[in-house]
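Annotation source Swiss-Prot lists Mg(2+) 1 binding site at ASP7, ASP140, citing sequence analysis. Under the heading active site, Swiss-Prot lists ASP7, GLU67, ASP140. The feature Mg(2+) 2 binding site is assigned by Swiss-Prot to GLU67, with sequence analysis given as support.
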Amino acid sequence: MIILGIDPALGSLGWAVVAKENAQLKYLASGIIRTNSKDAIHHRLAFINSTLEKVILEYQPNMAAIEETFVNTNSVTSLKLGYARGAIMSLIGRYNLDMREFKPNTVKKTVTGYGHAEKDQMLHMIKLLLSGTALITNSDEADAVAIAYTCLVTKNY
């Protein structure tokens, strides 16, 4: 089972690919998709879509796991995040991948044992749980790894 974990965002989206082979979890790859806030939103969404599509084609995931988002007090920010999630979900649907959504507190509790863990705690635990993640320093990327990890350990694959 290969999971594509996604920490959705319009400006700095984290993605990660984690596999489960013979009851062993294996980190395959991860990265950040950054868009320029000065670009038109449709160009930013197209860039996210085309970059994630390359990841899907390279790693052939069976499923995508995406973090649920909360409504921000800033309605414009929430709307833009909704656009990014829509573009991501459309791509997931186009490749006929199963998809699971996880609340941030669920991901934190699964990875650290504490549902309100800080970003540095998440990063530390990801590095302990999955070999190959030692060079990850970006919290968006670490969150994507954590989302994929959560999907694999909570869904009994």
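Each Cβ is built from the backbone N, Cα and C atoms, and glycine gets one as well.
A map of Swiss-Prot features onto the structure.
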residue : record                : Cβ neighbours (10 Å)
ASP7    : Mg(2+) 1 binding site : 27
GLU67   : Mg(2+) 2 binding site : 23
ASP140  : Mg(2+) 1 binding site : 23
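Here the C-alpha separation of GLU67 (Mg(2+) 2 binding site) and ASP140 (Mg(2+) 1 binding site) works out to 11 Å.
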